[in-house]
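Participant: Mind having a look at this structure? Questions to follow.
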Amino acid sequence: MSLNSLDLPGKPEDTRVVVAMSGGVDSSVVAGILKREGYDVVGVTLQLYDHGAAVHRAGSCCAGQDIEDARRVSESLGIPHYVLDYEARFREAVIDPFANSYVSGETPIPCVSCNQTVKFADLLQTARDLGADALATGHYIRSRANGAHRALYRPVDTDRDQSYFLFATTQEQIDYLRFPLGHLPKAQVREIAEELGLTVAKKQDSQDICFVPQGKYSDIISRLKPEAANPGDIVHIDGRTLGRHDGIVHYTVGQRRGIGVATGEALYVVHLDAANARVIVGPREALETHKVFLRDVNWLGDTPIADLPKSGMEVFAKVRSTRPPRPAVLRHADGQTWVELVDGESGIAPGQACVLYSDDSNAACVFGGGFIGRSEREPQAEEMLRRLMANADKASAA
């Protein structure tokens, strides 16, 4: 049997596709394209959080006006549309872990958790319950057949590359998901929205952290976890106490501005000592990192990660969503997985992701990745930090 444009057997009119509709232009265009091609399209929007603070805020998603926009687009396309209340699930799977991660001194990525749990687990099951052959989203990433399964690839428009946020997608989910925008530049997507007469054609793109009004994540965390706003010391990596802070929630590794001390030297946050409520700062060179240890690894490569050679596997690694993939070596031994960064990186924070690719082109295959549990700095900085932490432990035990 021949395959349709979604690589599924059968004619489009005999193929049901659930489209995850956030109310933005991207997912709306996905619904419009598939409807135009003759697919049996069903729109589903998740209400993910209390939208009171976001109803009049441009750049949110899955709340208030966005739900209404998704409904209007669905109505104009003539497709059924359902709104599912996932607020409790979103709080449990995304918001609470986000706050807990900050309290422990990490810098989390809630979008990965949302994709990993709510969107690509719970919504995927809902799509199956609706009898859909696939779940389509407006993410900028590509997938295509690779043997008996499908593999993920970076999109044509690398300025919109969302593969960093999708590294935790499992093989089973990848096989069921479809990403119709992966081969299109954003400008063309907006042109298609105009052609389709969609009311959201000129709508502003959504922000990454959708549930944080005005981007003030510290307000949300302080409300959920008041201990994150406990004051403490700002300490230089050489041991000097430089001042006080109003809560580690206001800081992240790599930060330079707004540290709150003036010493005449450029200082950066190099570590958050959550146990002792300390913000540890130092010179830029104290941020240089060549090795990161990963947890919760989702490996999509052909060779099982436990079977990697002792010499490791040459890959390209991305440690921030805004940075390109750079040369690295992936290693696994004694139950640990780590990545050696050939050229080094600065400002790597625990809780962030390290995503692995076959190369640095826009056709690169996504090998998966993991969350950064810890990193190793240059030897001198690593020793200074180790000594500082050991002294704090001794003081606490005394």
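Easy rule for this one: first residue shown is 1, then count along the chain.
Note that Cβ sites are derived from N, Cα and C of the backbone, with glycine treated the same way.
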Participant: Record says A20, M21, S22, G23, G24, V25, D26, S27, L46 bind ATP. Source is Swiss-Prot. Which of G105, G131, G138, G147 does it list for that same site?
Facilitator: G138
Participant: At the Cα level, what's the spacing in Å between G24 (ATP binding site) and Q352 (site 'Interaction with tRNA'), rounded?
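Facilitator: The separation of the Cα atoms works out to 26 Å.
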Participant: Can you tell me which recorded positions out of C114, H139, C210, Q352 are within 10 A of D26 (ATP binding site) by Cα, answering none if there aren't any?
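Facilitator: Cα within 10 Å of D26 (ATP binding site): H139.
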Participant: Measuring Cα to Cα, how many Å separate Q352 (site 'Interaction with tRNA') from S22 (ATP binding site)?
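Facilitator: Checking the Cα atoms of Q352 (site 'Interaction with tRNA') and S22 (ATP binding site) gives a distance of 24 Å.
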Participant: Which whole-number value in Å describes the distance between the Cα atoms of H139 (site 'Interaction with tRNA') and C114 (active site, nucleophile)?
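Facilitator: Here the two Cα atoms lie 13 Å apart.
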Participant: If you measure S22 (ATP binding site) to C210 (active site, cysteine persulfide intermediate) at Cα, how many Å is it?
Facilitator: 11
